[in-house]
């Protein structure tokens with residue numbers, strides 16, 4: 001999906017993605033890249049093809065529709081739909097295209113079993129809740145679930161999954177350990193009947209910081225795209241080798257003086273304390289560049305950090321280029337990345353008051369190009 005009729009350019013560096021994947025695979029050779037939500041805004045198929053060429057043999061996406069795009073795009077290996085089959089059409093698609101759906105309800109078991117052809121086996125991923133309280137069977141559900149599976153031999157659990165709630169916070173490692181212990185018990189229970197079932201618990205933070213929770217398959221997400229899930233913690237150094245893979249730029253429309261005492265933008269929230277030079281950049285909240293950055297965000301122009309002045313508008317934002325010589329209309333202003341004093345996804349998220357995941361998913365909705 002792309003935001004139309006704007007001037008933003010999103011440039012995805014596939015080489016950085018590949019290097020991040022290679023870094024993570026050195027820690028966990030069985031890493032299954034998570035490329036849900038259009039690969040966190042980086043482009044589903046280009047990212048999948050790059051990582052497949054780098055050695056990835058399985059992927060996890062969000063919806064069955066995304067998984068179908070991967071299959072139709074020529075991705076041959078295991079593809080896991082993390083949201084599972086949410087309706088009959090999803091179930092039919094999973095069975096027909098060999099997509100592995102997460103299963104977290106008895107209704108989903110029935111939908112999938114009812115669509116298997118005679119003699120066909122349908123691979124599924126059993127999703128358990130070990131502390132996230134989101135999707136999944138409980139540990140107490142396990143005996144009844146195993147009985148249901150035995151009664152439906154066309155369904156084959158190839159993966160057992162759960163999700164960690166605070167693996168990115170070393171101060172709450174006790175809860176992460178409790179989740180790991182619960183998952184270990186669940187996995188052992190499933191393997192008593194299906195010994196080939198693989199366990200998958202570790203997300204990006206656990207891949208970096210909790211090798212004891214790697215089990216068989218790891219699911220790196222945000223770390224693939226160069227954001228450090230352990231930033232701001234005592235374990236931040238574990239993600240030091242990750243490289244942001246997205247640059248976002250917009251053209252400067254005009255450069256003009258702002259005399260001392262003159263205000264700028266809606267609401268007159270900023271008044272120049274001295275004679276200044278401002279650049280008007282062709283981006284705003286209609287381009288998924290948050291209005292919350294008004295008066296506190298920054299961009300990079302000619303490799304220098306420049307602060308936002310006043311309110312972010314629908315399609316325009318003003319920045320202070322007083323101390324940056326030679327700025328002219330047509331020059332690029334970098335909202336994210338770029339040369340020099342580049343803003344990382346984590347830094348922009350701090351200014352935005354959110355997390356790097358949201359920054360990448362939203363800005364990635366703008367027109368994209370891919371390069372090495």
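Residue positions begin at 1 at the first shown residue.
Cβ atoms are placed via backbone N, Cα and C, with glycine included.
As annotated by Swiss-Prot, active site, proton acceptor applies to 36, 266. Marked as N6-(pyridoxal phosphate)lysine by Swiss-Prot on the basis of sequence analysis: 36. Annotation comment: Swiss-Prot describes 134, 314 as substrate binding site.
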Cβ neighbours within the same chain of residue 134 (substrate binding site) - under 8 Å, at least six residues apart: 163
Structural state of residue 36 (active site, proton acceptor), classified by DSSP into three states: helix
Distance [Cα-Cα, Å, rounded] between residue 36 (active site, proton acceptor) and residue 314 (substrate binding site): 28
Alpha-carbon distance [residue 314 (substrate binding site); residue 266 (active site, proton acceptor)] in Å: 11
Residue 36 (active site, proton acceptor) CB neighbourhood, other CB atoms within 10 A: 21
Under 8 Å by Cβ from residue 314 (substrate binding site), counting only residues of that chain that are 6 or more apart: 284, 285, 286
